[in-house]
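Q: I have a structure here, written as structure tokens, and I will follow up with some questions on it.
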């Protein structure tokens, strides 16, 4: 190591250590999943923002988090059909959801609702 030509190589090897954040500041990347039941409490299995072909455990929406409304327009129909539709809509919002989520966000935590704040922006807010 006394050779001066080794200094640039040593610096190159140690440089990544200088820019690595301490353990407490690093991002936590949750694991891949197929179903909500594979994720811990307060999480759901949602589409990755970066790679659409995989799903990752994602935290459920807290107050102020952006969300997706996950609602359908209701059509005028007889009572039985409307009850079935309402039941299906409710099931889509539940965690664990037994189907495959097609959006990158989870529903809001219990007690919160996904409410419109502007034309195309929805956030989790306390139910009124």
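Keep in mind that glycine also has a Cβ here, set from the backbone N, Cα and C atoms.
According to Swiss-Prot, the protein has these features:
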- 33-45: disulfide bond (DISULFID)
- 39-57: disulfide bond (DISULFID)
- 44-106: disulfide bond (DISULFID)
- 67-114: disulfide bond (DISULFID)
- 108-124: disulfide bond (DISULFID)
- 1-26: signal peptide (SIGNAL)
Q: Filter the disulfide-bonded residues 106, 108, 114, 124 down to the ones within 10 angstroms of residue 33 (disulfide bond), Cα to Cα, kept in sequence order.
A: none
Q: Please give me the disulfide-bonded residues out of 39, 57, 114 that lie within 10 Å of residue 108 (disulfide bond), comparing Cα atoms only.
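A: Among 39, 57, 114, the ones whose Cα sits within 10 Å of that of residue 108 (disulfide bond) are 114.
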Q: Considering only the disulfide-bonded residues 45, 106, 114, 124, which fall within 10 Å of residue 39 (disulfide bond) when distances are taken between Cα atoms?
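A: Final answer, ordered: 45.
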Q: To the nearest whole angstrom, what is the C-alpha distance linking residue 44 (disulfide bond) and residue 124 (disulfide bond)?
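A: The separation of the Cα atoms works out to 16 Å.
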Q: Taking the Cα of residue 67 (disulfide bond) as the centre, which of the disulfide-bonded residues listed as 45, 57, 106, 124 lie within 10 Å of it?
A: 106, 124
Q: Provide, as an integer number of angstrom, the distance between the C-alpha atoms of residue 45 (disulfide bond) and residue 57 (disulfide bond).
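A: Given the Cα positions, residue 45 (disulfide bond) is 5 Å from residue 57 (disulfide bond).
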Q: Determine, to the nearest whole angstrom, how far the Cα atom of residue 124 (disulfide bond) is from the Cα atom of residue 114 (disulfide bond).
A: 5
